[in-house]
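Here the structure comes first, spelled out in structure tokens, and everything after it is commentary.
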């Protein structure tokens, strides 16, 4: 409470004293570089995703799950309720299919953010969805029914440590790591204090029915999170600092930071290629434009790949870049079968051939 009270009293003074200096610092921290176009062949915008494709995860058989309709403070959004789609990447039509939701679930307030899939040993597929009804934070656990492309709601998970959840990576049927992108849950304190000052107060939380705890902290907007193919390492995107943190898992599920890899862009979600272990990131080359959306000067998109991240010299390359004329505000990128699937906070998803 001491920190909260102090910061609350200091907000007005900071705004008055720093004024344009704070705004300038924020603009620099959100990147503002010129973007050179770097397109890929045979790119197709996906239909049915007019109100965003914030996060995407792909099963080993090429079935993608897509969260759409995120309403995040400060970013453009649709008035339509959030939805979850599937996309069969083997189907040449590349047509997303909306998942049927249970009638008992509150669809009107459904505001999906990060997602993660866990497949049980008996091949049951569970979908974890970060949900922000009334801009609160909770995690919805669903069971996927492939026969009729529907979701069965298993339970809602809430906890005081899950106060500002952004992304999630499933570890089991009811356990996961999640990022809190802010220390505060209050929207005013998030915006006026943490965002403008770039405060490194956000964290990573481990959740299970037996134990909930903060396992890593000190991030300036902890965003995307994912796990290595061997389950030994966790990757966390530190948005305002433009880097990715590599964390080693311990037996008690605590995390130890072992290295930080700069990426040179404001990156959002991170996906991991199962075979190679390469990291794929959807990034905002000029996030200031995303926060101050202008249809005549749209925010661009960028996809970054990190190879050999555990070596002494990880290779960071730009795979795709667009000035916003094709896809705006890319938030996630993932690959399957020689194709790159790019999602957006508030725009359609894009599928391109990698070669």
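Glycine is treated like the rest: Cβ placed from N, Cα and C.
Just so you know, TrEMBL annotations never went through curation; they're auto-generated.
Record features, source TrEMBL:
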type     : residues                         : note
DISULFID : 43-352                           : disulfide bond
BINDING  : 54                               : Ca(2+) 2 binding site
BINDING  : 55, 115, 166, 167, 223, 268, 269 : Ca(2+) 1 binding site
ACT_SITE : 113                              : active site, proton acceptor
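Sequence-distant neighbours of residue 352 (disulfide bond) (same chain, six or more apart, CB under 8 Å from its CB) are 39, 40, 41, 42, 43, 44, 320, 339, 340, 342, listed in sequence order.
In sequence order, 54, 113, 114, 130, 179, 224, 225, 237, 270, 331, 332 are the same-chain residues whose CB sits within 8 A of the CB centroid of 55, 115, 166, 167, 223, 268, 269, the residues recorded for Ca(2+) 1 being left out.
Looking at residue 268 (Ca(2+) 1 binding site) and the residue listed as 'Ca(2+) 2 binding site', their Cα atoms lie 9 Å from each other. If you draw a 10 Å sphere around the CB of residue 54 (Ca(2+) 2 binding site), it holds 30 other CB atoms from the protein chains shown. Put simply, 113 is the one of the recorded positions 113, 223, 269 whose Cα lies nearest to the Cα of residue 54 (Ca(2+) 2 binding site). Spacing of residue 113 (active site, proton acceptor) relative to residue 167 (Ca(2+) 1 binding site) is 7 Å (Cα to Cα, whole number). Neighbour count (other Cβ atoms within 10 Å of the Cβ, all protein chains): 25 for residue 115 (Ca(2+) 1 binding site). Of all the Cβ atoms in the protein chains shown, 26 others lie within 10 Å of the Cβ of residue 166 (Ca(2+) 1 binding site).
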